Ligand code: KIV
Ligand code: NA
């Protein structure tokens, strides 16, 4: 069984971490057999499972349900579950109650979106035994303030803010940080400025690991530019996921074609 400490050590030794989102037991079992380092029960399930237009309608009850299913299918795999919109922003205490429900359902770490504003919550949860994965850059739960799903950190000021946010989350005890849709050079800079692993999605090859939405990498629906269809040249779902793990481990994914300048 991998755990947070072994994952962090492997990243520190230069091993790339291959992460995928997952929402059910069957795919979780397949991912465990294919050698995925960690599974993210993402609130992207609101879009790919529920057909919603954003992740905002996803409830804590939804996340508990899918975390249980994933944990049943992959009992030895490190599971990160998203705290859904509205379940943690009010206070560290609210976040602790929500995170506890996810940990009881089988998560080993919870993920929340946001920088400096979340620092005290990250510290509060971490000090009480709950590892926290940060999430910076494109924050899907903030789509209404961002005005759409756009690449972040493009101006100098925005880039400096993201670096400061990452350093603050790390100093607050964050276990790792997802970097979504930011320029590859900025992601590389953040990765070298903090000791904890960065997990990129649309953030270039220099992050400590990569994550993709499962259905995107299987070519279902309309995948974003930074994703890749790994089923296309595979003979089975198992082969597709194995190919993804291998491509991440060997730094053959993402390429410049999947990255932003
Ligand atoms: O919900 C999700 O799938 C995510 C990933 C895009 C990082 O948060
Ligand atoms: Na998410």
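Glycine is no exception: its Cβ is also placed from the backbone N, Cα and C atoms.
Among the candidates 111, 150, the one that TrEMBL lists alongside 43, 44, 82 as binding 3-methyl-2-oxobutanoate is 111. Listed recorded positions: 43, 113, 180. Those with a CB atom under 6 Å from ligand 2: 43.
Long-range Cβ contacts of residue 82 (3-methyl-2-oxobutanoate binding site) within its own chain (separation 6+, distance under 8 Å): 40, 41, 42, 43, 55, 58, 63, 110, 111, 112. Less than 6 Å separates the Cβ from ligand 1 in the case of 43, 44, drawn from the binding-site residues 43, 44, 113 in sequence order.
The separation of residue 180 (active site, proton acceptor) from residue 113 (Mg(2+) binding site), Cα to Cα, is 11 Å.
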